[in-house]
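S.K.: TrEMBL lists these features:
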ACT_SITE  B:Y550  active site, proton donor/acceptor
BINDING   B:206-212, B:288-291, B:340-346  FAD binding site
BINDING   B:R487  substrate binding site
DOMAIN    B:174-356  domain 'FAD-binding PCMH-type'
SITE      B:R391  site 'Important for enzyme activity'
Amino acid sequence: DISFKKIIETGSSVLLLFLSDPMLKKRDDFEDILEERRNSSDLKYALRCYTPVLYKGVTPCTSSMLKSMVLQSDQLHYVINQVSKETGKATDDIKEEASAILEEMAQCLQLSTVRFFAFTLSKAFKTLFRSICVNEDGIQRLQQAIQEHPVVLLPSHRSYMDFLLMSYILYTYDVALPVIAAGMDFMGMKFVGEMLRMSGAFFIRRSFGGDKLYWALFSEYVKTMLKNGFAPVEFFLEGTRSRTSKSLTPKLGLLNIVMDPFLKGEVFDVNVVPVSISYERVLEETLYARELLGIPKPKESTSGLFKARKILSEDYGSIHVYFGQPVSVRSLAQGKVNRCQFNLVPRHIPRRPSEDIASFVNDSAYRLVRAQEENMVLKPWVLVASLLLQYHHQNQAAGQKRGIALGELTAQAVWLRDLSRQYGAFLHWPGTVVTQVFTIILLALCVLTICEDKELLSQAVILLSCASYRNQALHVFVRPALLALAIHTEVFNSFSFLRNMFSNEFILCPGATVQDFEEACYLLVKTGALQFTQQEVLVTERGHRTLAFLSTMLDPFLQGYQVVCRFLCEEATETLTEKQFIPAVRKFIKKLLLAGRLRYMEVLSSDLQKNSLAALLRLGAVRKMKG
Amino acid sequence: MASNSSSDRQRIAQQRLRIIAGHLRAPVDSDSTILAAECKAQGSKTDVSSERKTVPRRRQEILKWNGWGYSDTRFLFNKKGQAEFTGKRYRLSGMIIPALQNWFEGTFGASVQHKSPAMPILTSSAVQPPTLNEAFVDELKSTGIPCSHDAEDRVFRGHGHCLHEVFALREGKVGRVPDIVVWPNCHNDVVKIVELACKHNVCLIPYGGGTSVSSALECPPEETRCIVSLDTSQMNRILWIDEKNLTAHVEAGIVGQELERLLNESGYCTGHEPDSMEFSSLGGWVATRASGMKKNIYGNIEDLVVHVKMVTPQGVIEKGCQCPRMSTGPDIHHFIMGSEGTLGVVTEVTMKIRPMPEYQKYGSVVFPNFEQGVACLREVAKQRCAPASIRLMDNEQFKFGHALKPQVSSIFTSFLDGLKKFYITKFKGFDPDRLCVATLLFEGDREKVLQHEKQVYDIAAKFGGLAAGEDNGQRGYMLTFVIAYLRDLGMDYYVIGESFETSVPWDRVLDICRNVKARIIQECKDKGVQFSPLSTCRVTQTYDAGACVYFYFAFNYRGLSDPVHVYEQVEHAAREEILANGGSLSHHHGVGKLRKEWMRETISDVGMGMLKSVKNYVDPKNIFGNRNLI
């Protein structure tokens with residue numbers, strides 16, 4: 001049982017020491033790399049001398065040498081023999097198969113292609129974006145890290161642009177170009193797939209669960225590139241693009257693979273660099289909203305890409321790319337993993353990760369996603385969107401149709417700006433408040449025109465787009481917001497329950513309930529929203545506003561989960577296939593919305609529905625049956 | 001003593017002739033005829049008689065009390081700043097080593113201007129007065145076995161050669177030391193002493209050569225009983241040689257070089273040559289499970305020992321026969337070997353002996369990088385054709401070895417050296433900052449040696465190795481014996497260091513070398529060491545399933561308030577790294593008290609229980625109370 005007095009006594013003093021005060025968080029300055037592009041020749045830029053610093057222990061090798069290293073590795077030999085014994089196929093046949101898989105998978109990084117991209121992307125970026133801002137200090141840290149240890153780049157994933165953008169930036173700064181794990185769907189795009197391959201992408205099948213050979217090839221391929229310092233390895237911890245702008249629960253497969261060489265002592269250390277890419281507006285914005293509402297996504301195809309050219313005529317604002325502090329896997333693992341566990345079985349024999357390693361990788365993954373979140377740059381529009389959404393719903397509830405006075409919105413925005421700063425948000429807020437809010441409103445007019453006469457789905461598209469902006473700020477508020485929801489009940493227990501409930505929805509590190517609780521208390525007390533007396537928690541006068549804002553922020557999620565539960569209780573027959581679930585629950589929600597029994601259209605988001613089902617599954621409320 | 005019959009003498013004379021003939025047939029342009037024995041210190045000319053004891057009771061008369069080796073032998077930087085090696089005992093003695101100063105200052109950021117001298121003499125006030133068990137002392141004196149509670153004698157036996165031990169002595173700091181030193185003359189003396197110790201409940205700590213590097217000789221500070229150091233140095237006779245079975249029965253106090261010298265007089269050798277063989281004793285080897293440089297031919301101590309006699313509080317333990325192998329339950333020798341003085345005193349050992357080799361030849365191979373070198377050693381081990389010794393030094397040690405080249409007398413030699421260097425780096429394209437060198441020692445029949453040599457060089461060539469001459473090889477082995485003296489030189493100039501070893505499966509050799517060296521560098525940085533450390537390694541032994549790896553580590557401690565503590569933290573971290581990389585706790589240095597904390601994970605709970613139950617049976621009153629191992 002957590003006593004508040006204790007938290008306040010130990011908390012505020014100790015937390016100040018250990019949880020570095022978010023206000024004091026030191027972040028680097030940004031530099032706009034497009035500025036130079038606008039003032040000098042793109043061709044010259046694409047053809048300039050490119051001589052990146054490489055890993056000190058690098059064994060120079062070509063893409064084809066890499067492949068043969070993989071095919072000749074002990075790991076692969078072992079698996080080939082194993083598969084041969086199991087299937088009765090000749091090892092030579094399996095070897096051929098392996099070689100073909102590797103052919104399909106492997107990258108073949110070529111500088112000429114990179115130069116081509118450097119040229120064309122310069123043109124495209126200049127029309128699409130106002131600026132691409134990069135923290136140069138981060139680049140310098142990365143460069144240092146690349147020299148000393150094998151490096152893994154972990155960018156956040158919001159758009160297809162992400163990995164092109166990454167390579168573009170690294171080329172610009174003369175940093176070693178990464179090899180990138182990409183989904184196989186890209187390969188479907190005939191010409192583009194090959195172009196991407198030549199710019200460093202390697203392709204992996206989306207699912208290869210039981211295929212030992214594929215897994216062995218894939219993991220050995222990645223490890224070989226990493227260990228030899230061939231190039232930094234880049235992949236997306238979130239596995240796929242987040243359609244909601246919230247960070248996704250990390251996928252552990254690739255992280256397991258890149259940590260393995262360290263754990264087995266094949267390299268001294270691996271440095272992992274989280275990269276936060278924040279878009280003012282992602283290219284796929286409306287696509288995402290439609291996808292979440294069940295309007296199917298167009299298959300990636302080259303012709304589709306050309307159709308997407310009309311995108312070029314729009315303004316997508318600026319991009320901020322923040323290269324975080326390199327994280328040493330060695331220091332992460334210190335005291336958490338006993339590396340001696342690899343002493344008794346030859347290291348090339350594949351084994352399921354032990355419990356301590358599995359939980360270490362999982363914890364690390366969450367920490368790294370949080371590190372990405374922390375350095376996501378929030379634009380003013382994100383905060384305004386959060387406010388507007390709340391207004392919209394309140395008005396709707398009151399049956400009113402009026403807007404909000406500019407002056408009032410400005411005042412609210414200033415309040416929220418200060419609050420989020422105190423919570424450690426990384427705000428990009430140039431100019432004065434009024435000019436900012438004003439330009440935002442103008443900008444937003446085209447996006448946010450919610451009027452009643454549109455049909456439900458079109459309204460929902462707009463609302464979900466708007467929610468995706470608010471979602472960018474969720475990571476700043478989620479812990480205090482959970483506390484705000486819990487405040488009028490048995491605080492810690494409710495907090496813990498809600499946190500557990502939402503742990504598929506938000507990035508909440510497993511097993512860190514107490515830390516999260518302390519952090520939430522600390523922030524709310526520090527900002528004067530809560531006071532702790534001997535035995536009780538008091539909401540202060542000005543705290544009401546904060547707490548109301550915070551709990552309203554999570555209200556759509558709370559309602560959403562409730563609706564899903566209601567659906568399962570009321571509508572779901574004995575058994576429900578996974579495929580049926582989304583359409584059925586969607587139908588159910590539509591009915592509620594049309595009947596006016598549900599306020600929040602964002603509950604229509606399939607993301608929320610899937611997450612809630614996963615949570616219920618995890619909590620044992622529903623059960624999965626094989627069949 | 002060896003038999004003195006005339007036929008024996010004749011046979012020995014013939015053997016001698018054969019050896020000399022072997023030398024004469026050696027190629028004229030090399031010093032291949034130099035025996036490995038020449039690398040280590042020689043007794044002075046008048047010393048040859050077999051009557052003379054190498055180690056006197058008052059060791060401090062010929063050995064340093066606060067550093068390594070002979071008092072007359074040390075490195076120093078002379079007034080010109082050039083390094084010099086004093087004395088007459090070693091090949092390097094009396095020579096100028098011109099490159100050492102540059103290497104020393106460059107590697108450590110040290111300066112010959114900044115001295116950190118040791119306290120010249122021991123102030124007896126620093127030594128606590130002895131806690132004497134009067135009854136024990138009285139009875140001991142009545143037996144006539146010599147003993148002493150002189151401060152110098154006691155201090156000398158209160159330490160081994162760990163860095164912290166020597167560092168403390170140099171600062172004149174003395175902790176808990178033995179209260180009395182006794183010098184038994186034979187097995188029966190030991191039996192009497194152990195009986196008296198049990199009767200009066202005093203603590204016994206056996207002392208052989210004093211070369212321990214595991215804190216094994218440190219007196220446990222919590223020991224309140226009278227501590228008796230049992231110095232075996234006077235038990236140093238060869239009791240008999242059995243030429244039919246090729247065994248020798250030897251008293252366990254004999255030191256390595258004396259044993260070899262005496263056996264050589266009869267035309268034999270044991271071939272057991274640990275790096276410490278000038279000073280370490282036969283009993284010490286048994287008690288720590290020692291390993292010798294030439295184990296590929298002669299085997300490690302466990303392969304060499306045929307019979308052991310040990311005096312324990314429960315009585316004397318020994319086998320009833322001298323058979324080559326027995327299936328009679330767990331081998332009791334394996335309770336004795338590696339017992340580190342916790343169960344009793346080894347008094348007599350029957351060891352295998354071999355006729356002295358007819359011919360010896362050094363060699364060396366340069367590899368473009370360490371990876372290739374390790375691959376070559378692995379192949380040599382696979383083909384089971386390892387020479388008497390094969391060692392692979394990494395690039396840093398290669399450079400270190402070069403810095404120890406004595407002044408060249410002729411222009412021709414220096415020209416040749418230059419030419420060699422040009423050939424390897426420019427013509428063959430070896431990167432001077434990556435290349436590494438393997439040193440080789442071949443031993444046996446002349447014909448076979450030459451054949452063997454060719455086989456090994458052929459394998460080396462497959463891994464890009466180039467033969468680099470006998471001189472380089474010989475210098476490598478010479479370093480073995482002088483490197484400990486170099487540590488004292490470093491300590492005169494704010495540089496402290498140590499070596500430690502491990503054994504590791506073949507597939508992890510490269511990984512462990514890389515990771516441990518990197519860990520040392522990282523830990524030094526983290527612990528605030530101002531200068532980058534020397535962190536280097538070599539592969540010193542090959543086995544079927546793995547290799548023995550030695551790490552050397554030293555740094556300049558200027559600016560640190562507690563350098564020894566920092567040093568210990570780094571060594572601790574390095575050992576953790578070794579274990580995490582699949583290395584062993586020790587290949588041959590032993591556990592002592594320094595590495596005790598890792599014993600449980602090394603041998604499992606049950607293993608610990610087994611060792612403890614043996615200890616409890618053999619020595620329930622903990623008479624052998626040095627608290628090593630478990």
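Just so you know, glycine gets a Cβ as well, placed from its N, Cα and C.
All annotation found in TrEMBL is predicted automatically rather than curated by experts.
Worth saying up front: this structure is predicted, and the values here are computed from it rather than measured.
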S.K.: Can you give me the average pLDDT across the domain 'FAD-binding PCMH-type' (B:174-356), rounded to a whole number?
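M.R.: Here the mean pLDDT over the domain 'FAD-binding PCMH-type' (B:174-356) amounts to 96.
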S.K.: Measuring Cα to Cα, how far is B:A290 (FAD binding site) from the residue listed as 'substrate binding site' in Å?
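M.R.: Distance (Cα to Cα, whole Å): 22 Å.
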S.K.: Could you check which of the recorded positions B:R391, B:R487, B:Y550 is the closest Cα neighbour of B:G209 (FAD binding site)?
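M.R.: Comparing Cα positions, the closest of these recorded positions turns out to be B:R487.
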S.K.: By the DSSP assignment reduced to helix, strand and coil, which category contains B:R487 (substrate binding site)?
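M.R.: Its secondary structure by DSSP: helix.
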S.K.: If H, G and I count as helix, E and B as strand, and all else as coil, what does DSSP give for B:A290 (FAD binding site)?
M.R.: coil
S.K.: Give the distance between the Cα atoms of B:S212 (FAD binding site) and B:R391 (site 'Important for enzyme activity'), rounded to the nearest whole Å.
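M.R.: Answer for this pair: 23 Å between alpha carbons.
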S.K.: Give me the CA-CA distance between B:G344 (FAD binding site) and B:R487 (substrate binding site), in Å, as a whole number.
M.R.: 32
S.K.: Counting every protein chain present, what is the number of Cβ atoms, excluding its own, within 10 Å of the Cβ of B:R487 (substrate binding site)?
M.R.: 22
S.K.: Nearest by CA distance to B:Y550 (active site, proton donor/acceptor): which of the recorded positions is it, out of B:P206, B:G341, B:R391, B:R487?
M.R.: B:R391
S.K.: Cβ neighbours within 10 Å, counted over all protein chains: which one of the recorded positions B:P206, B:Y550 has the most?
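M.R.: Of the recorded positions B:P206, B:Y550, the highest Cβ count within 10 Å belongs to B:P206.
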S.K.: Which residues, sitting 6 or more apart from B:G341 (FAD binding site) on the same chain, put a CB under 8 Å from its CB?
M.R.: B:I205, B:P206, B:A216, B:A287, B:F624, B:N626, B:N628
S.K.: So for B:A290 (FAD binding site), how many other CB atoms are inside 10 Å of its CB?
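M.R.: Excluding its own Cβ, B:A290 (FAD binding site) sees 27 Cβ atoms within 10 Å.
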S.K.: Could you state the whole-number distance in Å separating the C-alpha atoms of B:R487 (substrate binding site) and B:R391 (site 'Important for enzyme activity')?
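M.R.: Distance (Cα to Cα, whole Å): 21 Å.
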S.K.: May I ask you to report the DSSP-based helix, strand or coil state of B:P206 (FAD binding site)?
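M.R.: Where B:P206 (FAD binding site) sits, the three-state DSSP reduction gives strand.
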S.K.: Just to be sure I understand the packing, how many Cβ atoms besides its own are within 10 Å of the Cβ of B:R391 (site 'Important for enzyme activity')?
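M.R.: I count 24 other Cβ atoms within 10 Å of it.
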S.K.: Please classify the secondary structure at the residue listed as 'active site, proton donor/acceptor' using three-state DSSP.
M.R.: strand
S.K.: Which state, by DSSP, holds B:G341 (FAD binding site): helix, strand or coil?
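M.R.: DSSP call for B:G341 (FAD binding site): coil, neither helix nor strand.
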